[in-house]
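**Student:** Sharing the record's features from TrEMBL:
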BINDING   75-88, 280-292  NAD(+) binding site
BINDING   R95, R105, R133, D222  substrate binding site
DOMAIN    3-351  domain 'Isopropylmalate dehydrogenase-like'
SITE      Y140  site 'Important for catalysis'
SITE      K190  site 'Important for catalysis'
Amino acid sequence: MQRILVLPGDGIGPEIVNEALKVLDRVAELEGLDLEIDEGLIGGAGYDAAGDPYPATTRAMAREADAILLGAVGGPQYEALDRPLRPERGLLGIRSDLNLFANLRPAILYSQLAEASTLRPEVVAGLDLLIVRELTGDIYFGQPRGVEERDGERVGFNTAIYSESEIERIARVAFDAAMKRGRRLCSVDKANVLEVSELWREVVIRVGRDYPEVELSHMYVDNAAMQLVRAPKQFDVIVTGNIFGDILSDEAAMLTGSIGMLPSASLNAERAGLYEPIHGSAPDIAGQDRANPIATVLSVAMMLRHSLGHEAAAARIETAVGRVLDQGLRTADIVSEGCTLVGTAAMGDALVAAMN
Ligand code: NAD
Ligand code: IPM
Ligand code: MN
């Protein structure tokens, strides 16, 4: 038996997770999987129930689980809270607690959605890139950080910091991934300005000597942001730090039609993992049956593949997504002329029906 911890979170989190669980139930039935599914609290939901965005009960369950599925955290009602109590801290807490340093964010365009992208179809058709984002270091976690009084006014500060070992381990994940794909890796940094990036580049080059078959290139992050919309198909695998990876993956999401399409896997050295869509809690559409559940459903597929070893089940889910798109069913974020607009729950039901 394998244990899955489900953390729906806030906003659209519970809605999209609900659909993803319908899909998981169905695929477990079809594939004869023996899964135990527990539910826990994180983010604002954790704060509301237990005064903590990453409650001790959730922490204990997370450490026992074989894999974790997370919806999203955050919302305007929590913005006035002290920083340690904010929903986002719950997410950062679980990533750091489980040492989930490797965040895989694949941006794949389903051919049916070429028209849904804001870019011309020929720019994005066939897009298949992987962003490998370092997830437990950088300016997100560096010390010192804070707001303090200096010379009669307040200053805010954070510290971008990476150790050689942190850079080396994420570089190895990226090179290994590149070996299984197109064997091209682009490391994105800001080495023309930042010392932390200078070290990043040096270590990536050093690790690259162990991967002579991978063609390694380097790009400054500002140029990378531009190249991603100019000619995104030039990329195979991108490896970058925490903050650049956060920003570039939202940008890459739009190449696939919508941020509602992009799944992610966050892995540690043991490959136990947390799986979540890359988007947030979307307070603007929460509770309206409008959210696209596909990013979360595809996160379930990644979970079955990377942490639970059920490749056939993962493939069934990915095939079902293609079938539903073939049927012309679209949530509002990816709808285009001639397609049928459906809500969150109807999309989940269609995905279940498309699996056999
Ligand atoms: P967001 O990703 O929640 O939303 C950005 C835009 O994309 C919104 O217009 C939203 O409606 C749309 N969108 C997002 N997911 C969608 C989906 N599945 N289907 C259709 N449309 C979708 O980002 P934001 O508005 O900047 O942040 C809202 C809250 O979410 C904040 O509290 C933020 O901190 C949090 N957040 C959480 C995560 C996470 O849990 N991993 C990620 C990003 C942001
Ligand atoms: C993401 C989110 C998180 C991040 C926030 C909510 C802490 O934007 O998962 O991409 O910045 O990593
Ligand atoms: Mn983000």
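Cβ from N, Cα, C; glycine included.
Remember, TrEMBL labels are computer predictions, not curated facts.
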**Student:** Among the recorded positions R95, R133, Y140, A282, A286, which have a Cβ atom lying under 6 Å from any atom of ligand 1?
**Tutor:** A282
**Student:** Should we count any of the recorded positions G75, R105, R133, K190, A286, R290 as near ligand 3, judged by a CB under 6 A from one of its atoms, and which?
**Tutor:** none
**Student:** Fill in the CA-CA distance, G75 (NAD(+) binding site) to Y140 (site 'Important for catalysis'), as an integer in Å.
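**Tutor:** One finds 19 Å between the Cα atoms of these residues.
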**Student:** Same chain only, sequence gap of 6 or more: which residues have a CB within under 8 Å of the CB of D222 (substrate binding site)?
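**Tutor:** Correct list: K190.
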**Student:** Whole-number Å only: compute the distance from the Cα of A286 (NAD(+) binding site) to the Cα of R105 (substrate binding site).
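**Tutor:** For A286 (NAD(+) binding site) versus R105 (substrate binding site), the Cα atoms are 24 Å apart.
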**Student:** Considering Cα atoms only, can you say which of R95, R105, R133, Y140 is the nearest neighbour of R83 (NAD(+) binding site) among these recorded positions?
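**Tutor:** Answer for the nearest of the recorded positions: Y140.
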**Student:** Within 10 Å of the Cβ of K190 (site 'Important for catalysis'), how many other Cβ atoms are there?
**Tutor:** 19
**Student:** Where the distance is taken from Cα to Cα, which of the recorded positions R95, R133, Y140 turns out closest to E79 (NAD(+) binding site)?
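**Tutor:** For E79 (NAD(+) binding site), the closest Cα among R95, R133, Y140 is found at Y140.
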**Student:** Considering Cα atoms only, can you say which of Y140, A282, R290 is the nearest neighbour of R95 (substrate binding site) among these recorded positions?
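**Tutor:** So, spelling it out, the nearest of the recorded positions is Y140.
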**Student:** Which of A282, A286 (the binding-site residues) has the most other Cβ atoms within 10 Å?
**Tutor:** A282
**Student:** Using the structure shown, find which entry in R83, R105, R290 (the binding-site residues) has the sparsest Cβ neighbourhood within 10 Å.
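**Tutor:** Selected from the binding-site residues R83, R105, R290 on minimum Cβ neighbours within 10 Å: R83.
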**Student:** Are there any residues at least 6 positions away along the chain from Y140 (site 'Important for catalysis') with a Cβ closer than 8 Å to its Cβ? List them or say none.
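**Tutor:** Y140 (site 'Important for catalysis') has long-range Cβ partners L92, N242, I243.
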